[in-house]
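**Student:** First the structure, which I've put down as structure tokens, then a few questions once you've had a look.
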Ligand SMILES: NC(=O)c1ccc[n+]([C@@H]2O[C@H](COP(=O)([O-])OP(=O)(O)OC[C@H]3O[C@@H](n4cnc5c(N)ncnc54)[C@H](O)[C@@H]3O)[C@@H](O)[C@H]2O)c1
Ligand SMILES: [Zn+2]
């Protein structure tokens, strides 16, 4: 695989994991694995600056807004944190800081609370709104839900309170409340929640605040943000926030060297098990706020702060059986079924074994005692075997050779880690999975129909593929389990409404391998219609920006298939959007063709997202850091001073929001 495709693949994978994690609150890999992939991508991108993309998961805060709440633009952007894993990493960081800061640097060490980020805005001493981090620029307004949390002050006390400011914190679910909540759920016959972090994050997105009120959430605060704050250091600001009535944990410590930082880390690596809530590390921050200002931000995180992640926790248990799951794309995942064991506050019964190579490498066998680890407290994984406890008659694991669902012989392509069931047409989980993907939120977003309904429809032989959805009648679905008159109507209405979904999402919904959301957008923009795309050769496709061999080949293969051609023709006949709309077309121009434009700061007329769209629909590239090849820097309010300096130094043209508009409208 060439580097460009590898990078593209990692980006797509990470986008999907971000989505699972932040939007669905259902990660499929551990944080540890996520961090490794992200690091791999970072390194590849650093070696290949020509493949830079401002949309890369290395350049953006992972979350996004949902459409279930009003979207609010943050007064001040919310960032992620850079990660470190060792003392050396921290020393490297310190020496980077010292290059920019001449005076001595003190640090505040804080615990890293593991929950969901929140930004509270206070105006005239009262809670004005609460917004999730979202994509960092804008988030979901969840004020009603946050108001149910008992330790969030609605009205502040004390003096020096700025007229308007933000305070950032983390919504967590303490262990005790989590255990109680789960006990209740089990009693009521519901599935218990997997872990406190995802439950906290999921709770914020509930539509019914009364439901949120039942969850014993807490809000822990750690950062004041605003223009006229009555403080000069981070440590002082924590105390101020306490004075005003916020719950700011007392563990934070002011230190003056990296050695002291390490001391703090070592202490809390042990002591954290006695805390009431989950922590996944320590956050180290430059104490002096002027120094913070001077250091500024990268596209994704402050340069003045660093997270240190604790090592994962490990336990040992018995592996009872190995089962194999078939995914939407036919990928086979081996799963270890374990004797239940407590790990980092949750009961673990299953662990991922990844693939055949992994099983062979670790030599994992049924009845082995295995070591299980939770990277970031999600699906745990098996990291080793306790060979001292292996049974004498134990035999090496034989990987399956046929699909557990449809008995087709499995295949494994050169260079692929996973086995696949090649029977894409009739292997049940693949059939169901493809339709589930088709209806999913980012694809056709069909309301009134969920993943389970799809399975019911397929199992009842009512549909065999996604085009069949469009011939469903209310009478067909009424006999289904738990399908009332009203829900049947909603289902049909939802399907009808999906005919208005724009072309790029239809393209994504088709489920062409390697054509994720971003690639679908790129292809839609370039080819403008399905017929043009279907005629494109592999060679032409690779000429398109960001489309590599692997994607090109997959697209060509997909459309060469007779059944797929028929599906597309049927969708077209049912009136789905198979080309970009006239309004979309009208918005596009070449006026900024070939230019590289950086935007920075806060703008008056447009959100950053809108500006970015304007840049891209007019043929230019939006990049996040300034370099020699940058053509314009669109400077907004509150732009970082270092960016400005850099632009001036490199002779990049600095223009205002209105200059930019003139440029577009010329
Ligand atoms: N498993 C997956 O599929 C998956 C997907 C995406 C992200 N993740 C995980 O999520 C994490 C990345 O998420 P992220 O971008 O939110 O970064 P992060 O959680 O590592 O760090 C940033 C966040 O830390 C929080 N925080 C807690 N205590 C803090 C304190 N005292 N001071 C400042 N901030 C504090 C803030 O909410 C801040 O937004 C990684 O651990 C990653 O592994 C996992
Ligand atoms: Zn199969």
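Glycine is no exception: its Cβ is also placed from the backbone N, Cα and C atoms.
Since we're looking at a predicted model, the values are computed, not measured.
Per TrEMBL, the feature NAD(+) binding site maps to 31, 32, 33, 34, 35, 80, 81, 110, 133, 170, 285, 309. Here TrEMBL flags 112 as active site, N6-AMP-lysine intermediate. The Zn(2+) binding site annotation in TrEMBL covers 403, 406, 421, 427. Annotated domain 'BRCT' per TrEMBL: 587-666, in sequence order.
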**Student:** Report the nearest neighbour of residue 285 (NAD(+) binding site) in space among the binding-site residues 403, 406, 421, 427, comparing Cα positions.
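**Tutor:** For residue 285 (NAD(+) binding site), the spatially nearest of the binding-site residues is 421.
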**Student:** Roughly how many angstrom lie between the C-alpha atoms of residue 112 (active site, N6-AMP-lysine intermediate) and residue 403 (Zn(2+) binding site)?
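**Tutor:** Given the Cα positions, residue 112 (active site, N6-AMP-lysine intermediate) is 43 Å from residue 403 (Zn(2+) binding site).
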**Student:** Whose Cβ lies within 8 Å of the mean position of the Cβ atoms of 403, 406, 421, 427, the Zn(2+) site, other than those residues?
**Tutor:** 326, 330, 402, 404, 405, 407, 408, 422, 423, 428, 429, 430
**Student:** Treating G and I as helix alongside H, and B as strand alongside E, what does DSSP give for the domain 'BRCT' (587-666) in helix, strand and coil?
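**Tutor:** The domain 'BRCT' (587-666) comes out at 30 helix, 17 strand, 33 coil.
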**Student:** I need the nearest neighbour of residue 35 (NAD(+) binding site) among the binding-site residues 403, 406, 421, 427, using C-alpha distances.
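**Tutor:** Closest by Cα: 421.
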**Student:** Of 31, 33, 35, 81, 112, 133, the recorded positions listed, which put a C-beta under 6 Å from ligand 2? Please answer none if none do.
**Tutor:** none
**Student:** Where does residue 33 (NAD(+) binding site) sit in the DSSP three-state scheme?
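**Tutor:** DSSP assigns residue 33 (NAD(+) binding site) to helix.
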**Student:** Filtering 31, 33, 81 (binding-site residues) by proximity to ligand 1: which pass a Cβ cutoff of under 6 Å to any of its atoms?
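**Tutor:** So the answer is 31, 81.
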**Student:** Over the domain 'BRCT' (587-666), work out the mean pLDDT and round it to an integer.
**Tutor:** 85
**Student:** Specify the nearest of the binding-site residues 33, 81, 133 to residue 406 (Zn(2+) binding site), where nearness means the distance between Cα atoms.
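**Tutor:** Checking each of 33, 81, 133 against residue 406 (Zn(2+) binding site), the shortest Cα distance is to 33.
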**Student:** Whole-number Å distance between the CA of residue 31 (NAD(+) binding site) and the CA of residue 421 (Zn(2+) binding site)?
**Tutor:** 28
**Student:** Out of 33, 81, 133, point to the one nearest residue 403 (Zn(2+) binding site) in space (Cα versus Cα); all of them are binding-site residues in the record.
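**Tutor:** Spatially nearest to residue 403 (Zn(2+) binding site) by Cα position is 33.
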